[in-house]
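Here the structure is laid out as structure tokens; the discussion comes afterwards.
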């Protein structure tokens, strides 16, 4: 077998093994299925009015906020001005709460886009800045499809056979223009469907298929528990499992028919939680909007620059505290 073929097979198997483990593994600890977009942006801490660290990390992301902390105030303001131009998506000279929210959400998802950038070249084989379904299929399943006899008696055969149509269905759902070719944004939706509104139905469907072992199209209580806990002996269930059974009855099974349908699964794994990005966008507008027209000009943002970004000056006191603690 050619070295390249073995390497491609190894990479494909590693990817599929990771996917398969999510399907077949039965951990003895709790499995978290609830999807929380913008999970990088948590609750705002009690504001001490001396530090804008939460605002900086929300607006820039944790890594870029550290970079700004090393800049002079002049450099920080100059870079902030360029960022404002990018946030003003319609170029009307004003930044709205919605534009700020979109920016903050994108910043918090940057790690996802970074992940896609790292694997992009592995799939974009013709270097046309798009990934076709055929390119993805060949990169992931090519060796399996070309050498099916080698997998006939292997457990991997079942995995490949199950995952290929599932991947194709997800790829088509992410392909908004239906040309079976993914742009970077569409490929990001394919790899990270939980982060995109138009992919939520796929997330729900795949979750149902993962947990619904008897194939009746629903998740009963035993299937719900089996997804997160494996009863390897005949002893009593841990307290958290007993609590999860109560959660199933009281909060998951909304229509009290003893099982979860797709809508109840959606309600469980995609809760409509508090929108941290929306709250932060409103906060930044409120604190910087001098004329209270609910719009921010670049001047208003730059006048309040130290709330949006840090610098050596704004972090001087914080650095002194850190240095003192380290002594």
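Every residue, even glycine, has its Cβ placed from backbone N, Cα and C.
These features come from TrEMBL:
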COMPBIAS  32-47  compositional bias 'Basic and acidic residues'
DOMAIN    75-110  domain 'EF-hand'
DOMAIN    111-146  domain 'EF-hand'
DOMAIN    199-234  domain 'EF-hand'
REGION    32-52  region 'Disordered'
SIGNAL    1-25  signal peptide
Residues in the domain 'EF-hand' (75-110) grouped by DSSP into helix, strand and remaining coil: 26 helix, 1 strand, 9 coil
The domain 'EF-hand' (111-146), counted residue by residue under DSSP: helix, strand, coil: 27 helix, 2 strand, 7 coil
